[in-house]
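Undergrad: This is the structure I want to talk about, given as structure tokens.
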Amino acid sequence: MILSIESSCDDSSLALTRIEDAKLIAHFKISQEKHHSSYGGVVPELASRLHAENLPLLLERIKISLNKDFSKLKAIAITNQPGLSVTLIEGLMMAKALSLSLNLPLILEDHLRGHVYSLFINEKQTCMPLSVLLVSGGHSLILEVRDYEDIKIVATSLDDSFGESFDKVSKMLDLGYPGGPIVEKLALDYAHPNEPLMFPVPLKNSPNLAFSFSGLKNAVRLEVEKNAPNLNEKIKQKIGYHFQSAAIEHLIQQTKRYFKIKRPKIFGIVGGASQNLALRKAFENLCVEFDCKLVLAPLEFCSDNAAMIGRSSLEAYQKKRFVPLEKANISPRTLLKSFE
């Protein structure tokens, strides 16, 4: 089995993945959302301290799953990029300590690659090549995935990420953090879902394949300020619905542009923001239009987790992509290549 560790942002997670058949044997996670909610976003120093508390607790649960028989482990895998440096280092220190004390090889995993492999948790076979939309609090990307070692970024955000824009809109409406499920509920509760969009769809006439949410976010801010004296629940629902609809339509328009160029046969959607049901439905329709198979990460494995890191690290294990402890380090940025 491989013991995998995830600590790139505000989720502490450990998992055990069986090498022979890619089955997830154990998965434990502690979220920090309640600790960061009053700040309207993740506070790096607080997140680091909480990882230092939570990771050892999760390791104790792993020990129980193993019946304290560490001979079942064949490798230690850790997310080392991208993410918050102060949280990545907490996971890396644990991974190095385990690797050294148990005399096990160390695997360093890219967090974005891990999200791609969330599509294949509990599955030995993958369906590569495929294209993938990754939407989260930190990223909005289209990836072309040929195999484990050949993943390229073909589109990214020029400013805010999809998930980050939901957090900021929720904060404008004084509704808390994380904003994704809060704004999604506003949209679901809105009583007039078929009216024309009140906010502009970003980059609608741009020739570039990219994402941008700053202009949409600013349009929401102006609407909130205009309604500030009477910002009741109905107005918040209307703003939430129209913001979410414009944000998803932006993703659809840009992905449709990509589809027309590349015509992928298989398209995956991953990342924490891919839990949004309206987004999933919109992409189901898009993939039907282009006769493209849609694959979705299970809802429980959309947000950051060690299970996806364990699944991706199986590929590294088979290729013997191990890293000496003295060369193991972290990076706040991904080293995946971008198309020029």
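Even glycines carry a Cβ here, placed using N, Cα and C.
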Undergrad: Look at the Fe cation binding annotation in Swiss-Prot, where His111, His115 are given, and name the residue from Asp291, Asp304 listed for that site too.
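TA: When Swiss-Prot describes the Fe cation site, the candidate it includes is Asp304.
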Undergrad: Going by Swiss-Prot, Leu134, Val135, Ser136, Gly137, Gly138, Asp167, Gly180 bind substrate; tell me which of Asn54, Asn276, Asn285 is listed for that site too.
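TA: Looking at Asn54, Asn276, Asn285, the one Swiss-Prot places in the substrate site next to Leu134, Val135, Ser136, Gly137, Gly138, Asp167, Gly180 is Asn276.
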Undergrad: Can you give me the same-chain residues 6 or more apart in sequence from His111 (Fe cation binding site) with a CB-CB distance under 8 Å?
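TA: Same-chain residues close to His111 (Fe cation binding site) (Cβ under 8 Å, separated by 6 or more) are Glu6, Ser8, Thr79, Gln81, Pro82, Gly83, Asp304, Ile309, Thr334.
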Undergrad: Please report how many Å separate the Cα atom of Gly137 (substrate binding site) from that of His115 (Fe cation binding site), as a whole number.
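TA: That separation, Cα to Cα, works out to 13 Å.
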Undergrad: Within the same chain, and leaving aside His111, His115, Asp304, name every residue whose CB is within 8 angstroms of the centroid of the CB atoms belonging to the recorded Fe cation site, in sequence order.
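TA: Apart from the listed residues, the neighbours are Glu6, Ser8, Thr79, Leu112, Gly114, Ser118, Ser136, Gly271, Asn305, Met308, Ile309.
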Undergrad: For the C-alpha pair, I'd like the distance in angstrom between Ser136 (substrate binding site) and His115 (Fe cation binding site), rounded off.
TA: 10
Undergrad: Provide, as an integer number of angstrom, the distance between the C-alpha atoms of Gly180 (substrate binding site) and His115 (Fe cation binding site).
TA: 18
Undergrad: Please report the number of other Cβ atoms within 10 Å of the Cβ of Asp167 (substrate binding site).
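TA: Cβ-Cβ neighbours of Asp167 (substrate binding site) within 10 Å number 22.
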Undergrad: State the count of C-beta atoms found within 10 angstroms of the C-beta of Gly137 (substrate binding site), not counting that atom itself.
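TA: Gly137 (substrate binding site) is surrounded by 25 other Cβ atoms within 10 Å.
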